[in-house]
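Structure record follows, encoded as structure tokens.
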Amino acid sequence: MESDNLKNDQNPPPYSPHYYPQNPAPTQGFYVGQGNIAVVTPAGDYDDMGNPMDSHSSAPPEYSQGFEDQDTFHFSDAAIRRGFVRKVYLTLMVQLLITVGIICAFLYWNDLKHWVQHNSWFTYTMMGLVFVLIIVLSCCENVRRKVPLNFIFLGLFTIVEGFMLGSVTVFYEAEAVLWAIGATALVSFALSVFAMQSKWDFTAASGAMWAIGWTLISFGLLCAILRTQYLYIVYASLGTLVFSIYLVMDTQLMLGGKHKYSISPEEYIFAALNLYLDIITLFLLLLQLIGFCR
């Protein structure tokens, strides 16, 4: 009998197909099932497959700015962009006024005009300084953004550019130069208005315009070698068209909005430099066309 009892004790408990009712789930912790085997089940709801149905998602909560809505963000961005545009155009206007003043000094100060006409090294020196300052302002972010260093370099660049333009205009008649200044102002204003109102996004074609610009430079070198007046006229005409598109593109880069690319509001010096170079190049090309026509 003892051996039978030992055998019975070693056998597993009989399987019971009956469901043992569970006690109500406690508000927290775990509960234990009834029967021969203890069952520990976390409190909560479960689906048909036995998976827990937790009302709280395990994923982190979505980030939200609780104190501002989307309209506030749009208003803030638009206000920053408007201030940026005003700052760019104010800087550009001061640059152009300084440049026109320097050009007029070279045109109407006869002693200076005659000296520059007989000292071509002055023009080439100014061209070299302009090139160096453009590289510094374009490549050195600290120079462009740090006040007052950015205004010092931009002012220096504007003065040197004015000297370079003045040394070029002394070889033209004063009337032709004034006509070129007026035409440049009119074309620049019309293109700026077009860029603000147009639904066409010229910023998306920046890569193509870069290639066209280098092609125009190569064509200009060919004109300098051949020295044919008709080629100069074609070059000036194509250059006027290309830099008109550049002016529209740089204006849209400054405006931002729905355009593909835009300039950061911190880069107002860079934006003013782009527009200034576009307008100055337009002036030189129009001056060539007017000079050939006369």
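Every residue gets a Cβ built from N, Cα and C, even glycine.
The region 'Disordered' annotation in TrEMBL covers 1-25.
Per TrEMBL, transmembrane segment is recorded for 88-109 (among others). Long-range contacts of the transmembrane segment (88-109) within the same chain, counting only residues at least 6 positions beyond its ends with a Cβ under 8 Å from a Cβ of the stretch, are 116, 154, 158-159, 161-163, 165-167, 169-170, 174, 177, 181, 254, 268-269, 271-272, 275-276, 279-280.
Sequence-distant contacts of the transmembrane segment (121-139) (same chain, at least 6 residues past either end, Cβ-Cβ under 8 Å): 153-154, 156-157, 160-161, 163-164, 167-168, 269-270, 273, 277. If you look up TrEMBL, you'll see 121-139 (among others) marked as transmembrane segment.
Taken from TrEMBL, the feature transmembrane segment covers 151-172 (among others).
Cβ atoms under 8 Å from those of the transmembrane segment (178-196) belong to residues 100, 103, 202, 244, 247-249, 251-252, 255, 279, 282-283, 286-287, 290 of the same chain, restricted to positions at least 6 beyond its ends. Summarising the annotation, TrEMBL assigns transmembrane segment to 178-196 (among others).
Sequence annotations record features per position, and here TrEMBL assigns transmembrane segment to 208-227 (among others). Long-range Cβ contacts of the transmembrane segment (208-227) within its own chain (Cβ-Cβ under 8 Å, at least 6 residues beyond either end) map to 202, 235, 238-239, 242, 245-246, 249.
Look at TrEMBL and you will find 233-256 (among others) tagged as transmembrane segment. Within the chain, the transmembrane segment (233-256) has long-range Cβ neighbours (under 8 A, six or more residues past its boundaries) at 81, 84-85, 88, 187-188, 191-192, 194-196, 198, 201-203, 205-206, 209, 212-213, 216, 219-220, 223, 262-263, 271, 274-275, 278-279, 281-282, 285-286, 288-289, 292.
Among the features that TrEMBL reports, transmembrane segment is placed at 268-290 (among others). Non-local neighbours of the transmembrane segment (268-290) in the same chain are 84, 87-88, 91-92, 95-96, 99, 134, 137-138, 144-145, 150-151, 154, 157-158, 161, 165, 168-169, 172, 176-177, 179-181, 183-184, 187-188, 232-233, 236-237, 239-240, 243-244, 246-247, 250-251, 253-254; each lies 6+ residues outside the stretch with a CB under 8 Å from one of its CB atoms.
Same-chain residues lying 6+ beyond the ends of the transmembrane segment (151-172) with a Cβ under 8 Å from its Cβ atoms: 91, 95, 98-99, 101-103, 105-107, 113, 116-117, 122-123, 126-127, 129-130, 133-134, 136-137, 143, 269, 272-273, 276, 280, 283-284, 287, 291.
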